[in-house]
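Here is the structure we will look at.
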Amino acid sequence: MSNLDEDGASPSVPGEMSSEIRTSETTQDISPPPSYTETTNFTITSEQNSETRISNGYEQPLESNVVSTANENIQEGALTTTLRTDSDNVRPSRGLWPYDSCVIFACFSCVVGIYNISRFAVLVHVYKACFFVEFIILSCVFGFPFLYLQMALGQYIGSGLTDMWYITPAFKGVGLAMLYLYVLLGVYTSVPISWLFLYFKDSFITTRDTYKWGQCNPKFGLRSCLESRNLSTDAYLGWSVPNYFHGRILGRRPGAHHHREEFNFEITFNLAVIWLLVFIILSRGIRLYGKLTYVIVVVPLSSLLIMSVRMMEVWGNALTELFDVQWKTVLIDSSSWFLAAREVFLTWVLYGGVVLQLCSHNKATSNITRNMAIVGIGGTLTLILSSFFSVCIMKSISARNMTYVPSSYEIEQTIKCLQPSSCSSISGMNSTPINLVIGEKFPSSSGLSVTSGYQVLRLATEIFPSALAVQGVNVISSFWPICFYFMMIIFGLAQITVIWITVVESIIAIKPNILLGWQTVITLTSCTAGFLLGLPMTSTIGIFVLYFMDFCVGSLWWISILYMVMLIAILFIRGRPYGTDQLVTVIARSQSNQIWLLPILTFQWNVVLPVSFMRIQSLCFPAFASANITSGVIGDGANRTSTIGVINTAYEEDPPPKYTPPPSYSSATARMMVHFLNRRHSVMDLATGQSTSLADSPNIASVELVSYEPQPENSVSVVPKCN
């Protein structure tokens with residue numbers, strides 16, 4: 001290919017050009033193939049008469065007949081031809097993936113992480129197999145189409161979050177807002193990964209055939225744990241598991257909110273290790289990261305598959321219970337559909353800007369449909385497999401006559417996560433959960449106003465440690481928790497890395513001519529900033545900060561507004577040459593496929609996606625709190641009394657302002673009449689030599705104005721009184 005640079009990278013789209021010229025693979029044959037057109041860019045310098053072509057920031061002279069032939073090359077679906085005279089603002093090289101399949105693994109590590117694995121496992125435990133159906137249906141409705149759009153848009157424009165807005169400069173703030181979103185996500189989602197390092201280390205240590213989280217920790221909740229241990233042999237495990245998390249991992253003390261807060265050195269050190277690994281992976285740019293994506297995706301997937309097969313061999317009968325559910329009762333429950341829609345948004349939509357950034361490094365001939373199919377199907381199967389693993393873990397707990405009870409992080413009395421089955425006639429799972437980004441909320445029925453029912457990474461911090469504590473080392477050897485927490489760490493590290501490469505590239509794209517040469521320094525500086533911003537969340541109050549951050553981001557209403565504005569700006573306001581008909585030419589190679597694919601994608605992208613985002617925005621928008629959020633028994637997914645949407649308990653209704661309206665027209669008229677009568681009577685008194693007032697006159701009725709009260713007629717009453 002003659003128009004490639006020495007690294008084999010195809011030319012990229014200038015960040016300030018309004019349109020492009022399409023040429024073919026070779027300069028000898030300028031006419032593009034009928035199936036696909038490749039984007040190249042031309043510019044004319046003001047100091048020379050010969051035309052030059054920009055390729056990765058370098059100017060290469062072109063033959064004049066090439067430009068003239070290219071100007072004559074017009075094909076349906078191609079972009080309009082324009083020559084640019086200012087070459088200083090041309091976007092420099094973005095680089096290409098070292099292999100075509102790198103983008104598949106990068107996008108997979110973006111949409112599948114430890115948090116949606118944990119959320120999906122908890123929701124499947126609550127709603128059984130019905131949640132599979134709801135999740136897949138809604139993914140096909142707006143999840144997969146949006147991911148498809150982001151992949152096509154990134155490859156077609158060849159630009160990222162902040163430099164793609166040369167097509168509609170008025171909406172450049174949307175890109176900056178999305179950059180702010182991913183900075184928040186990268187900072188606060190890295191902290192729970194640092195917790196997993198301690199779980200991983202303590203998985204090697206066993207005492208008396210049990211793990212550390214099977215023993216009472218003296219730092220937090222010790223009294224309840226010891227009292228329960230004196231009464232029963234197994235019930236104390238419901239206290240020891242959260243006792244280990246809050247005391248050993250978070251370093252909390254009883255009444256810690258009354259004392260000076262301290263940083264947890266181990267968590268701080270682990271957080272520094274995470275950001276150091278992120279810097280090492282991103283230090284050499286997209287080429288080194290593209291090669292490492294195979295390792296950081298294949299290794300945890302293999303671990304998940306091995307663990308799931310092993311757990312299904314022992315407790316595989318739990319899968320039959322998973323599908324033994326009253327399908328009609330659950331499928332008509334509006335709350336289950338709402339939570340499935342939230343989960344689809346959190347899985348496929350939340351990181352859509354990252355997917356766009358990753359696909360901007362694709363070659364022009366990359367097969368988007370293949371990439372989308374692998375990421376979508378592979379991600380869904382991974383989530384289903386993780387739910388199978390979680391169901392088997394839950395079965396191992398119930399096999400010892402114990403039941404999992406969702407805890408709440410605030411105080412010692414609400415951290416219990418296990419109780420005997422005989423005492424769990426009404427479990428915490430009876431309430432409808434609220435899936436946020438890194439955790440879930442279970443509305444509490446304890447009557448305590450300080451509880452939220454929130455916990456981070458329930459699968460890794462409560463469910464799996466509970467199974468290990470209940471079954472012991474003799475049943476579940478230490479190899480499996482080592483494998484599990486190693487898998488979770490790699491999954492989390494992969495997602496943090498792919499988020500942060502988007503942040504680094506977006507910062508560089510603001511001033512590419514200046515910042516591109518400082519890419520390593522910017523990467524180091526941004527990773528250091530991410531570590532420093534995460535330090536408050538490593539202290540004893542870190543869990544409170546995480547809940548606040550997760551609640552703000554996990555509300556989703558403002559994120560859905562961002563994506564809806566992005567859709568409107570690109571597909572409706574800007575339109576051609578960046579509309580659906582042009583994006584289809586990138587997806588479909590043959591004209592016959594474009595004919596039937598164009599109306600389908602036009603309907604999906606121009607109608608279904610905006611309506612879906614508007615609906616999610618309306619449901620997730622802060623609502624006023626109300627009592628009795630949910631009720632009913634849902635242990636088997638049936639007999640549920642649900643609510644539509646999620647009540648946002650963080651917002652309270654303010655009292656209405658006091659309003660005193662101005663006097664009405666009738667009131668003013670009455671005052672004028674009284675004043676006129678008083679003056680007339682005074683004149684008559686002066687004429688007759690009398691000083692009787694209007695109120696004292698026996699023949700004239702006095703008028704009393706009544707103060708304004710809201711009336712249906714919105715008027716003021718005038719009440720006459722006769723003396």
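Yeah, the Cβs are placed from backbone N, Cα and C, and that goes for glycine too.
Marked as region 'Disordered' by TrEMBL: 1-40. Positions annotated as compositional bias 'Polar residues' by TrEMBL: 20-40. Under the heading transmembrane segment, TrEMBL lists 96-117, 129-157, 177-200, 267-286, 292-309, 330-351, 371-394, 486-510, 522-549.
For the transmembrane segment (486-510), the most Cβ-contacting stretch among 96-117, 129-157, 177-200, 267-286, 292-309 is 177-200 (pairs under 8 Å). By the Cβ criterion (under 8 Å, sequence separation of 6 or more), the transmembrane segment (267-286) is not in contact with the transmembrane segment (129-157), since fewer than 3 such pairs are found.
Taking residue pairs at least 6 apart in sequence, the transmembrane segment (522-549) and the transmembrane segment (96-117) share fewer than three C-beta contacts under 8 angstroms. Cβ atoms under 8 Å from those of the transmembrane segment (129-157) belong to residues 13, 39, 107, 111, 120, 123, 164, 167, 322-323, 325, 327, 330-331, 336-337, 340-341, 343-345, 347-349, 352-353, 355-360, 362, 364, 366, 368, 371-372, 375-376, 380, 383-384, 387, 563, 570, 578, 582-583, 586-587, 601, 604-605, 608-609, 612-613, 637 of the same chain, restricted to positions at least 6 beyond its ends. Stretch with the largest number of CB pairs closer than 8 A to the transmembrane segment (371-394), among 177-200, 292-309, 522-549: 292-309. Long-range contacts of the transmembrane segment (177-200) within the same chain: residues 114-115, 161-162, 248-249, 266-268, 270-271, 273-275, 350, 353-354, 437-438, 456-457, 460-461, 465, 481-482, 485-486, 488-489, 492-493, 495-496, 499-500, 502-503, 506-507, 530, 533-534, 537-538, 542, 545-546, 549-550, 553, 559, 562, 566, each at least 6 residues beyond the stretch ends and with a Cβ under 8 Å from a Cβ of the stretch.
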